Each structure stands twice: as structure tokens, then as C-alpha cells.
Ligand code: NA
Ligand code: NA
């Protein structure tokens, strides 16, 4: 094992150890980049180990940050956060949830199922996890907790459904994958749709089952009205406006009025209008929404910046090559290779974020998979589901981090970690289904165009 | 129906303020409250751009570029603001059980060994980044794009200078708590 | 792996030290023609130097974003990169002339100007103040003139059209009333499919097909007036280059020169088959009429004159190209069969 390999592994281990100190994740990532550059230089100068990692190399961080700064697609992120906060602060979200509860209140777990449904709709309009997790947490978390839901169930639901945003198109992850693989984005988008819906359905089934087995986890309100025509009409009218908003976002993409990026701005505008119609648009509300948009956007981008420095140095030390070596050493049959790759990606997902895994592993394994005769769209979607799961898997689960930022202070990271475990298992079940029935992915693209 | 007003982010670690830290935090928070309005501006620009393009078939590359200029300005200045109100993500699985003193030591080492070196690296590396852009009179590479690119690039060192100040302010508080207060 | 990056170990057995450069690229290496050339450059250097000169190729964005490659080389953050110089247009306005220019030269005209006339000296001089040494290292033929959802029969069809178009060609369309945007490569498909844009250009047919444009826009126009050639360069940090042993400089120069002809050959060999396959997919490859081309050329001339008035380097290089073409044209008109002969 080379010195570069050892430094890579140390850098990996250091990150995982340090996040448990409770120091901000973003600065741990950035700081380790600097520290390990120094170690690399020491190894090179004092021990004549040629690593070619030095301060000039690590200065590339700035060019990589510039890539985030002029990134047209990421403009959507603060806008989706603004939209979520505006719906929350103006009381629109609360009212929407209340209406749904009147409808589904009699069903055990109805509230959580509502969150799943809204989450799937949101996923179809945003493609950025940070945005959808935050938005969903604002919409659903306080309401579920107020009604006495088990905090782990509430947190797990929000986190898991929030990650669907990166699987169900439009999705920034699928865009990057298509770009890296020189594939058509359209195929990937269509291919990922049913797997996304499948996972959403699994979540619903789980919530129903869990609430049935453990009624105290998802209490039914005492004042449930009987569901009749009048109530149905009432609720329909009430959800008209917020539903209209979601339709506006989706529709503006669908009819080509706005690009997926701009749709976020249109949605934020719509949310502001809704707040205004409801007479809730006051200066304090606007200020509070704007300031919290700033804070939330800031903590997400700080992690982006730290992570880009970290991965640059890890790459320089040879971390990528190390992963490649491990992959090349897999001694399996064709199907075995695919399973091994997916398992490997799933495990990597515990520690690395999706961008790194996409950049490092995907180009490496795709020729192998193709040469074995598997469909590349099918494989890429499986890969995408593994990466979507990586947002949930501790210790480095970004959905958990983002959720932590907006959850009530009394909800600890431990609660969230515990809450996501059943959903990780559901993700695995979904993954197995997609693996066994390729048509879940391939049917839709084969019908289109 | 009552409007739930903003939760003031409660400071989990009430280290004593120094005169310097109070000044810095006041500046950063006020600045953060001002620059937060950028998101409203961004929203307006997007809506105007979409309207122009869809209703009047007029695509304005300036407006498209203005979108990411505003966004960059917004998130880079917000990072120091978020730092001052301690909004950056921490994993507190173990932390929540530790004493204030333990946390203060972690904060001290973290700022000195991780945060400050990183901030200094970015500041150092962003000097040629901005200067080169200024010297060459860099403009957008897109036809009809925005000029004066060095101004938007300058936001990176500006944002990180503010973060540097915030980090020093927090460091002064932690050190005061650890070394100069004997009543703790 | 540490051994791979060694600059000292080989020195003991060889008179010169070994070279290890990280080489980030602007285009994915799996893009046919356009992107794959750099892999040959790396393999050839390795083979000819017996493993002493090693370029490790990094896909776009793995080290540095494509638009920043020459900047990274300038500052010595990376020793070298393989890129399309037109990305520097915002800082160095003359770069389109040596990377891709509307109604510009054909690939071998360009290499004739580059290698045998003033091209190489002017390009190197253009980049010297930026501490970058550019080496012509790859070239491909024309791109498509774009993918449209509706047929283009006159220039007025371009008015109000929402189109994604890069570089000086984009400026020309803008002058003609099109609304030109520069959305990133990955978003093009979706934007075109959903109608957020009406048309787009990207690269040669083999590349565009890989991105799926042929399935959502049925009118694929030619000739590629806006990019008659696309040149790629190996850009090397200037002091790194000057510090190289002359033999190593010669080796890299030779590998790149070979890369140019291999790249051109590969690019030319791929496209016909792709075009032949289009009708089966409901795509009709079409040609812009001569009138339209003449009008486009007139506007291009205006744009180039404006650029030349604003930038000395642009003016100097453009003059040199025009001067070369004046004498070359005499030969071209005499020696070559007319394009439409025998059809
Ligand atoms: Na999505
Ligand atoms: Na994870």
C-alpha cells in the first residue's frame, strides 16, 4: 500500500471521526483539505514520496467554488427554500396539512402519508435534495409532532421522502449522470420515474403497517369528522390554491414556460401570492422568510464549498485510484459484478456524497456493465437509487444534516438517525425490486418518442 | 390565524462576548439582514425573465446572468451571517451530552486547526483569481452577457473576509470563556 | 501509484527526469471525435517516452471546471490541460479566431495557416502574456448548424426564436433578432424537449445523437457555418514548458501534431453513418439556402469587424488569416473540384 493510499484512508477516517465532535461539517471538510495538503507536502519533501499535491494544487478549490458561483442550475436552490419558508410562515402549509388531515384523519398514519404524497409532488418539481428536505420539513414536521406522532417516524418520513426529489425528474443528479456518461437525459428521466413512485408507495405501505401495529406512533385525532360529500368539497376548495401552486410549478416546466431552474422562482412567486391572498403577507413574515432563506442557503453552500475542497485533495492523494483498484479487483460473475458494484456504492454512500461517487465510480463501472450486456439506463437508475439512499445513511447523510438545520431544537440528531433506519431498509427493498424487474425502469423510455 | 413569528436561533453555547466579538457579530448580522433581500430581487428577476420570454418571445441573456450573479452574492455573504448566528450544520449526536467546557475546547481547536486554515487558503487563492479577471477586463463569454466579471468574483474574498472576522470573533469568545473567566 | 508520479526515480536510469502532469479536459473523453482525442495523446506520449512522460487525464469538472482550464494552467495549479480556447473569449477576445470562427477556414486550411504561415507564432504570442503555452493538438470538422423543431426557410424564421448557441455564431444570431441563451450542456435536452428553447446547437452529429437531440427536434440543419473547424489545444504552463528538455518539447509537439491529423480523420469518419441513420428516426438533415448563408455571412462580417475594432490581437490575427486566404484561394479555386461536381 502506497503512502498516498494511506493518506487517503486517513483523510477518510479523519472526516468520519471529526463530524462526531459536533464542529460544523462544512469547516471539517474544508479544514481537512488544508491539513492533508500539508501532510502531502511533508510526505513529498521529507520522505521523497511523489504525490504532486501542494498548495498550488489545492488552490484549485477557488476555481471549483467559481463553478458553484456561476452555476445556473443551483439558482433554483434558494428559490425552493424561499417557497417552502413562505408556505410555512404564511400559514398556508399548516392549513394545507390541516385540510388533508380532515380528509385522511381517520386513517392511522394519515398525516405521514400526506407528507409522502406532497413530497412526491414536490420531488416532481425540484431536483435538489437540500431544497426538498427543507421544504418538506417546514411543511410537515411541526404538524406531525403537534399531533403526537413519534418523532422518529416523523423525522424519518420527512428525510426519506425529501430524498425522492433527486430521483424523480427533474433531477440535478440525473442531469450530471447523463452528462458524464454522454447519455440522453430524457431516457434517464423517464427511467427514474417509476422507481421513484415505487419507493414512494413502499413508504406509504410501511407507514400504514407501522401505524397499525403501533397505534401510539401515529395517533388519530379525537375530533375526526365523518368523511362525507360536504367535507370532501370543503377540502377540495381549501387545497385548490396550494395545489394550484404545485401545478403552476410543474405546469410551467411541462409547458415550456419556464426551465426547471426558473420554475423554482415561479414557485416562490406563487407562494408569495398565496400568502398575500390569505392576508398573511406582512413585513415581519417577509423578513423572517428572507433571513431564514439566507441561513439555510448558507449552510448548504458552505457544505458544498467544504466538500469540493475535500474531494479535490482526496483525489490528489489518490483516493479515486484506490477506489478504482478495489473495483477492478472484484472476482464475480456478470450479475455478481453488478450486485457487487451496487453494494460497493451503497457502502460508499455511507461516507461520501453523491457528486463524488458519481464522478469517481460511475464512469469507471459503466463500460464494465455495458460490456457484460446490461442496459445502461437500467444500471444508471439503480446506481441513482443507491446514491439517493446515501443521503439517508449515517454518518454522512446530507438529508439528515439539512433536516437538522430546520428541525425544532429539541429534536436531536440521534432521533433523526434512528428515524431513517427503516426507510433505508425500504430503499433496499425498492432496489431489489428494480434489480429483479428491469421493466420498472425500461418500460417508460421504450414507450416515449 | 396567528402568524408563527421567526424563531430566534437560540444560541446553544452562550460564551461571554468580548467587545470585539459583539461589534463583529452586530455588523455581520445586520449585513446578513440587509443582503437577505437579494432573494426577493432574484425572485423578481426570474419572474420578469420568464414573462419576457414567454409572453414577448424576448430572451435576455443579461437577465439570465443576473440571476446567478444575485444568487452568488446572496449565498456568499450569507455564509458569514449564518456563522454569526451559529446556523451551520453540526452533528450533535455526542455533542449534546458534553459540558460547555468540552465543547469550548472543541470549538477552539476546530477554529484554529480547521476553519481558519481553510478560510486563509481560500483568501490566498482568490487573490490571483480576482486580479487576473480585473487585469484582463474579463466579461461574460456568452453573447450579450454581463461585463465587469471581476466584481462578482470579488464577492468570494469579500464573503470569506467576513467569515474570517466572524471566526476570530467566536474564537475570542471561546478563549475568554476558557482562559479568562474563573467563575465558570 | 506514488511511483507513477515520480519525478526522481526514473532519473537514475535515464538522463532526463520523468514528467507527470495532471491533464484536465474540457469535453468528456467518451464523446466521439471531440472528446476522445486526448486519450490518444496521453497514450502516445507514454508509449513513445517509454513511460517517462505521463499525462493523467481528468474528466471535466473532476479537478477544474472546463471554462477555467487555461486560468488554472496560468497560475501553475495544473501544469497542463486539454481544452477549446474559445472558452477564454471573456478574457481574450481573439480566441475564437484560433478555435472556431463563423465562416472561417476549413480544417486543413486552418492547419496550413497554423503550421506553415503565422498561425502558430500568433497563437503563442496571444497567450504569452497569460503565461500559457498553447500547442495545437486536435481538430475536427464542421458542427451542425443546429437542431430546430420548425423548418427554417428564411432569416425571418430566426426572429424571436429561443435558441441555445455558443460563441461568435451566437452573436450573429442575436443580431438577427433571435434570443440567444447559453444554458449548460446538461439542461439542453430538457429545455428543448419542453419547449423552453426552440432550437440548439452543440457539436457534430455523432455527439449530438449521443445526447438524444435527434429524438426531440426533427430538423437538423447544415452546413456548419458558425463553426467550420473546431480546434483543441494542449495548454502548458509557460515556465513549465520552458523548463522542459528540448527533446521532451519535441516529443510533445510531435505527439500533438499527430493528434491533429488523427483527430480530423476520426471526426470525418464518424459522421456519415450517423447522418445515414437519421431518416429512420424521422430526422431530416437539411441545408440552409444559399441566400440565408449569404445573409448570415454578411452579418458575421459586421460582427468580426466590430470585434477587430475593439481588440488589437483580434485585428492582427484576423488580418493574417485573411492575407493567407487571399493567396490560398488562388490555389484552392484552381486545384480542387467544385463541391457539387459529379453529384
Ligand atoms: Na425531482
Ligand atoms: Na450517507
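Just so you know, glycine gets a Cβ as well, placed from its N, Cα and C.
What TrEMBL lists as transmembrane segment is A:6-25 (among others).
Per TrEMBL, the feature domain 'TRAP C4-dicarboxylate transport system permease DctM subunit' maps to A:12-436.
Sequence-distant contacts of the transmembrane segment (A:32-52) (same chain, six or more residues past either end, CB-CB distance under 8 Å): 2-4, 7, 10-11, 14-15, 18, 58, 61, 306, 309-310, 312-314, 316-318. Annotated transmembrane segment per TrEMBL: A:32-52 (among others), in sequence order.
Marked as transmembrane segment by TrEMBL: A:72-92 (among others). If you look at the transmembrane segment (A:72-92), the same-chain residues 6 or more away from its ends with a CB under 8 A from one of its CBs are 126-128, 130-132, 134-136, 138-139, 172, 175, 241-242, 245, 260-265, 267-268, 270-272, 274-275, 278, 280-281, 285, 288-290, 292-293, 296-297, 300.
The transmembrane segment annotation in TrEMBL covers A:113-141 (among others). Within its own chain, the transmembrane segment (A:113-141) has Cβ neighbours under 8 Å at 74, 76-77, 80-81, 83-85, 87-88, 93, 96-97, 100-101, 104, 107, 154-155, 157-159, 161-175, 196-197, 200, 203-204, 207-208, 246, 249-250, 253, 260, 263-264, 267, 296, 300, 391, 398-399, 402-403, 405-408, counting only residues six or more beyond its boundaries.
What TrEMBL records for A:153-176 (among others) is transmembrane segment.
What TrEMBL records for A:188-212 (among others) is transmembrane segment.
Annotated transmembrane segment per TrEMBL: A:232-257 (among others), in sequence order.
The feature transmembrane segment is assigned by TrEMBL to A:264-286 (among others).
Among the features that TrEMBL reports, transmembrane segment is placed at A:298-317 (among others).
Feature annotation from TrEMBL assigns transmembrane segment to A:337-364 (among others). Non-local neighbours of the transmembrane segment (A:337-364) in the same chain are 12, 15-16, 166, 173, 176-177, 180-181, 307, 311, 314-315, 320, 323-324, 326-327, 330, 372, 374, 379-380, 382-383, 386-391, 393-396, 398, 428, 431, 435; each lies 6+ residues outside the stretch with a CB under 8 Å from one of its CB atoms.
According to TrEMBL, the transmembrane segment annotation covers A:376-403 (among others). Cβ atoms under 8 Å from those of the transmembrane segment (A:376-403) belong to residues 15-16, 19-20, 25, 129-130, 133-134, 137, 155, 158-160, 162-164, 166-167, 171, 173-174, 177, 181, 183, 187-188, 191-192, 195, 199, 299-300, 303, 338, 342, 345-346, 348-354, 357-358, 362, 366, 369-370, 413, 416-417, 420, 423-424, 427-428, 430-431, 434-435, 438, 441-442, 445 of the same chain, restricted to positions at least 6 beyond its ends.
Among the features that TrEMBL reports, transmembrane segment is placed at A:415-437 (among others).
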Contact ranking winner - A:6-25, A:153-176, A:298-317, A:415-437 against the transmembrane segment (A:188-212), Cβ under 8 Å: A:153-176
Contact call for the transmembrane segment (A:6-25) against the transmembrane segment (A:415-437), three or more Cβ pairs under 8 Å: no
Segment proximity, the transmembrane segment (A:298-317) to the transmembrane segment (A:153-176), 3 or more C-beta pairs under 8 Å: no
Long-range Cβ neighbours of the transmembrane segment (A:264-286) (under 8 Å; 6 or more residues past either end): 75-77, 79-80, 82-84, 86-87, 89-92, 95, 125-126, 131, 241-242, 244-245, 248-249, 252, 257-258
Model confidence over the domain 'TRAP C4-dicarboxylate transport system permease DctM subunit' (A:12-436), averaged pLDDT: 84
